[in-house]
Structures are given as structure tokens and as C-alpha cells.
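These notes concern the structure reproduced below.
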């Protein structure tokens, strides 16, 4: 009690004295310590009060050799000092019961100006005041600089005489000794000791080793933790690392210091890297907070700090956020992306469900960790269908919490009128019934007009019908089905009408469908009908027969798109094609039907289907291989059978090539016609790009952090980078061709000729992710025909696809073969990113495919057709070059639909005639886009040929890729592949190599382009022919002269 009173009195006395002192301080330096002594000698067990005041807040620091900058706490129960903030600018440091351990330099720092004042305190040993004592240094190291260095041999009594000696030679060193700091001298890289002498007693200090260290201009500290979010009981490690300096001292500010016990450990990682570690084997909630690491380099007095925030949870959590509305409306065939952002710890399990059942089939699910506790999951529905509407739920769980997000998806189907009929009811009533379908449920409005001729051009003359008890009644009913909603509306006229009635339906603003029906009175109607029946019965029958024949002839028929050119006119604008019916068929292609085991349907169209099958006995090296079998439907007409037979003859005469879907065998006898071709397990290129788009974007999102690899506005084209391409087996997703959600039904092969029923074959689900070993055991894989095994879709892959398609088209052009439907949907992906060109029209419902537009009895892919094909019905290999440019646009937009800004109606033609061309895709380099523009030259003679395109695209590829392609091609041609083996006796294809000028820009046409790519066109083609290793001849096709370009 007396001690406390005395201390308060001393503090009051010092405060009054200090106030008087500060009243006279200048504006330059107001920081003062009272008492104003540079050093104080205290008796052991005594007390001391030091008051520091300035013009702003002041703090007390302890300066020592081991901890050059250690901020003292305001209060501490386990230490013999206390700091009291007497006012906003003054603080008092009180020491009591001091001993030799309190020997140190105490610093007062003004926060606003950074000014420092210090006082040295010495406490000699009370029991033996004359005893020599050095303050031990924990490291015994001295850093050498260009000037003086300080050996920190600090004593507890300033009266001790201290001398510095070289430990090895025992020779004294000249210098200056400061009791509170140590011995200052010019030192070498040696070991030194201090000797103290007092009243005849001599004692040596510990040894100090002098080191030379690299001192950077400034230092940076980096703090990281094993986890910034964790649960209590889990281990926690916090590291503070400093690089580029050889020696640095660490100190930590940690949360809840009174509760959390810590003992930092310093580790030297390398000659210029040090780390301080805090290790807590079992973290608690008290460990939550901000950890601040202070690093100090004492040679140049450089300081740095860094911090990290740690959160220790009592239990785990899950928090979710959807990035779009949860009630979603999508148009038919639109791609829908459902995205959920998640914060969770521990790491969550994420599952998607549709209407309570696990999601499977043609949906792409991405789960990506974006931060330590942040995740994102994306469910993508590609080309959404009506049956895919419903509730999609993302279920996120971990061991402590469960959350879910549900999206209600409605697939919008444009309203259309399905049926409009009128009936005469008893009592001279008339009933008009209109049936409309759509999603959301469409509305129906009724209108009438007395003059049909006038109303056709004057929509304002139509009068809306409303229910009237005396004239008419309107009754409407709605039926909701799984795929679409149906509305049935009926108008009943109570009196005979002689008018035109219109049914109009809509379910979207501005989009209306309507139909008209003309009503006549019942009496007049009966007379007209009777007279018509009597007078025109026979003519009607005759006309009906004629109409049926005409309709039957106009009905779209299956036809092979590929055409083989026989001859061309001198001006290059008239072509004669070979009639495939006149080509012979070699029975060597025949295979027994019982060697085929049919499986699931890969694709189905209006005319036929393609079925997966297992073929036995086609190859000597494999007992069975997986194949695709083309066949017609049971309703096929003779002309369609002839078309499929023509396709067989053309494919058999073309010969094998690595980049076309090759013919393997055929069954033409004793049953339906089968074409057995290669099986491409990853489907068409459009779906492949859609399904792997996320790997492309994620790959370059990761790489952008290092070298900005993704092609965009001003970035460096990837074509200028020679990247490494590895080769192995494909494993990027396992997607099947043309597959659906329904389970597959496998159909065994039967020897029942025409009695086989294929209607039961159902579309298959997508295969599970690729498993190479299993696939090879089934006989479907060829490990020596693999281009790339990269699981991600890269820019090099896009170039590789373009290159392989150009190689395949170069082969077809060399055979005078025009594809006429070159598009990404007709390019299939096989094992190892091997690309093959095909004509998949048989298994595609082109009558309901928006990519094909009806014209007469055929359907045309307008967006991919060259102008001369659209407007003049002229098809050449150069019109295929135009289509190749569109295919490049598809590839480098990752599966985009061409001409997204143009409608598919009569407005499509005008921009094309005016020279409209699509803009550069986001992922295409300038070189690739330049090739596209060359392919889209309006004058077809000026377009490059495929040999030139192979050269251009090949120049953008790495040498390793082209070398691997050549090795794969050579392996293919030397293998016992069924397509190669069946043509080896002939040594070549029956079609000749095209005339060097055919189907390519002549020298006159190319002279308009002073581009080095357009030189030596014949040389490119000749080199390509040598690489293919196939000598061509053909007795059916006459040589084709050079086309002459039009003169301007």
C-alpha cells in the first residue's frame, strides 16, 4: 500500500515537472524523457519511473540485440514493468524490483513524427556489485558491412573496462566501446571475444562470429498459413518468409496473446531465404484473428511486415449463391448454364438432381475450386429439349452442413396452330375448332372478315370475335403435357355464316401464328357439295392421283452429298458428274451378316439410321472391332436404296485415308443394305467443342496468369508460339455420337433377312469417361493411331483439327470428289483427337434441322454454301473451300452457329451478295482469320485450294505435331486396317489425282494476292500426294482442263 502511494506521488511529481518542461519546448523537437539522463544505474531490487511526452501519442519500445524492435505491452502481469498513458501525448514506464535482466536501452517513440529518444539502464548484481556480467546474445553473430560493425557484448555495469580480442590470435582490436551497445570496430571475417575488467577481475564474453551478408535495398515479408479457415482441433501453421537477405530477425503480433501460447521457430531455407514458423497442433477459436509478422534487417535498419487473417470455426458451414434467377426460361435448342457459387468448409460434396433423380446423360457438370473455401459448380444443358424442363437442384453437403439451390427450368416452344377445322351442327349451327401448341401455354384470339380478298392485305379489317348470347359462344380448354401445352378453342355460330374466320395464337410478344377458314351456310354448302360430287367425282380422283404422284416425287429423298466430277467446261462454270450407279462394285467388300452384332443406335434420321456394331473377322490382328453400320429404314424407297448403294460405290472407289470415315465392309446380299464404316466414339465436332469448351477456357485462364496465352483482342497469336504437344491416348470426357438420355437396347444380329426389326433400337446414353484399356479389350481402340492425349482442349488442338480436315479434303479433291456439305457436324472425333470427315445426312433429321433449308425435294445447308452454289447450283472443290472457311469459323468460336446476326429467310441472301463476311472469332489469330477471308473470296477461282490450305495451317503447327501426324498416317497405311487391307491388291484408288489446276486458283487468279502463301501451289499438292503414298488411276473419269477465270 505504501509502495503504491509512493509510486503515485513520484509519477505526479514527474508529470508536473514534465509539464513545466514541455511548456518551453520548441516546435522542432518536443519529445522528452524525464529524468533527462542518457544512462541510469539502478540498484538491484529498486524501482524506476520514466515519463515520455511529446506533441502526439507516445509509445515505449525495448531495444536489444535479439529483438531490435519490440513494442512493450501497456500492461503485463508476468513482467516487472508497467506502462501508463497519463494523457494523449504522455506515457509513463515504471520498473520495479529490477535485476540485471532489466539492463537494456529503453526507447520512447512519437507516433506522428517517428522521433525516438532513449535512455540506457544498468542494473549491477546486488549480491556482488563488483562481479563482471555480460548480457548473453542468443545467436552470437555479427554482420559485417563496409563501415564499422558492432560486437554486442553489453555489460550490466558501465564501469567495467571492456577490450575486444581476436579469439584465434588473442590480439587486441582497436575500437570504441559503448556499454549499452557493445564494441564498435572495423572487423574481419573472424571470431572475436570481449574481455571485461573491474577491480582486477577479468572475464570473457561469449564468442562472436563475423559474417558478411547481402543486404538488399528493401525487404519484403510474405505470410501464408496452412489454412486460413479451419475447424477447432485441426493443426495450424503460419509461416513468415523473407527472401533476398541473408539475416533477418522476426517478431510476431498474434491475437489473444494472453491465451494463445506461441514459440516461433526460425528456419534458414537457403543462403538468402529465412522463415519464421508458428505451429499450433490443435487450433481453438481463440486462435482466430490477424497474425502480423515483423521482419527487421539490422544492418541497414530495414523493416517489413505482413499479415494473414485466420478463422477457426466451431463447426463447418456451407453458404450458396446462384448467379441467375432460379426461375429460368430457355428457348428450344438454346444452351442453358446453371451456375451456383459456394463457400464451404470442410470441402463440400456437390451433386445435381433433376426432379429428385441424379442428373445423367447429355449434361456437362463442372465443379471448380476457385479459392480456399470458394467453389463454383456449373450444369450445362446443350441444345435444350422440351423434355429437359423441370426442377434442377444442386445439393451441397459436408460433414457439418447441407444446402441446396433449385432452378425451375421451362423450355419455351413457339406457339403454332396444329389444326383448324369447321363443322356443321344440327339446327344450322356452325362449329370452328382451333388447336394450338406451345410453351408457355399459348393464347388464342378469334377474328372474322366478310371479304377475304380485302382482308388479305388489310389486317385492320379483321374484327375480333367476342362471345354474344345471340350470335356465338367461345369455349377454350388447356391440356398440359410433359413436352408441350395444348390449347383447344371452339367458336359456335348460332346462325348460318358466310364469312372468313381466323384463329390467331401467340405465347411471345411479336410472334404470331394464324390460319384462316372460310365458312358457308349449311344449305348452300349441301348444294355445292352435292353438285361437286356429281360433276367432279372422276376428275377429283384423277387429280388426286396426279397430286399424289407429284407429292411423292417432291417428297425429300435421301441423296449422298458427295459428287465425283467427270468433266468441266473450258470456262470452268459447267460440270458433269459421274453417275455412281454406273460404277462397278467389288464383291471383295462383302462380309457375312452373321459376323455383325448390332448394338445401340448412334443417330437416326428421316431416311435411315447409324447403328453401333461389333464386327468379327475384319482384321487379322483383332478378333473383333467396333464399327458403325449405316442402314435404311424399313420405309425406304427404291431411290433411297440406290442412293445408299451409290454411296457404297463412291466410298469403295475413293480408297482409304486417315482423315475420312473409311468404308470397312458391306452387306448387299440376302437382306437390307448395310455399309460398315469406322466408328468414331466422340461424336461430331460441334458437340465435342461445346462439351470441352470449359477445358479450353480454364486451360488458358490458368496460363494467362503466366504468359497471357489466350488469343483475344491484342494478345500475341498462339500460332507464333511453338508449344509442346504430347502424344498418347485420349481421355477428355467420353462423349458418344448423337446420343440421348434414354437407356440403350442392344440388338443381336439375326439371319432373318428382311424380318429383322430395328424399330426397337433406342438411342444410347453418353458413355462414361474414356477408359482406354477396357475399350481396347473390346477391340475398338488403336493405340498407334493417336494424335494427342491432352485432356484439355487447347489452341493447338483447334489448329490440329483444321489441319486434319484440310488433309482429308485435299484427299477428296485429289479424287475429283466434291463434298457439298462440309461442316463441323459432318466431322467426327475419334480416339486421340483424330478427325474424320463424313456425310452423316442419313442419320440426321434434316427436315427438322434448322441448319438445312428446304428447296424443292432437297434440303440445303445454306449457311455453309458458297454463293455460286446458292445462286447458280454450281458445286466444285472450290465451293468446298468456302465451306472450309465456315468450318474454321465454327472451330475457333468453339462450336458457334455461323452468321449469328443474319436471319434464315429471304433477308439472308442480300448481305451475302453485297459481300458481307463474318468477323474474326474471339479465339482465332490474325493468320487464321486471313485464311478464312481467302476461303470466302466471291470469285471462286481466286480461292486457295486444299493443298495450299494444308500448307498454310501446317505452318502454324509445331514440328512435333506434324511429325506425329506423319507417323500416324504411315502407320495407318502400313497396317492391316480393313479399309487399307481391302485396297492393297489394287495399290491405289481408281480415281486419278486431279489436274494440277483443277479446283484450285490458277496462276492468273492467284496473282491478285502478293502473299507468299500463294506461291508454288503445285509443289504443295505434289508433296501432299507423295506423303499420302497412294498412286491413283481411274478408267471412269476423263482428265479435267484448267478453268479459266472470268475477265473483269
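From the backbone N, Cα and C atoms, a Cβ is placed for every residue, glycine too.
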> Which one of these stretches, 508-528, 529-549, 550-570, 571-591, shows up in Swiss-Prot as transmembrane segment?
Replying inline: 529-549
> According to Swiss-Prot, which residue among 457, 969 is annotated as N-linked glycosylation site?
Replying inline: 457
> For residue 108 (disulfide bond), which of the recorded positions 309, 327, 434 has the nearest Cα in space?
Replying inline: 309
>> Let me check the 10 A CB neighbour count of residue 577 (phosphotyrosine). How many other CB atoms are there?
In response: 14
> Hey, of the disulfide-bonded residues listed (434, 503), which one tops the CB count within 10 A?
Replying inline: 434
> Mean pLDDT, the domain 'Ig-like C2-type 1' (35-124)?
Replying inline: 80
> When the Cα of residue 434 (disulfide bond) is compared with the Cα of each of the glycosylation sites 224, 239, 309, 327, which one is closest?
Replying inline: 327
> DSSP says what for the domain 'Ig-like C2-type 1' (35-124): how many helix, strand, coil residues?
Replying inline: 3 helix, 44 strand, 43 coil
> Quick one: which of these recorded positions, 159, 239, 577, have their CA within 10 A of residue 224 (N-linked glycosylation site)?
Replying inline: 239
>> Sequence gap of 6 or more, Cβ distance under 8 Å: name the residues on the same chain that satisfy this around residue 52 (disulfide bond), in order along the sequence.
In response: 31, 32, 33, 34, 58, 60, 90, 91, 92, 93, 108, 117
>> On a C-alpha basis, identify the one among 240, 503, 575 that is nearest to residue 194 (disulfide bond); the candidates are the recorded positions.
In response: 240
> What kind of secondary structure is residue 159 (N-linked glycosylation site) part of, going by DSSP in three states?
Replying inline: coil
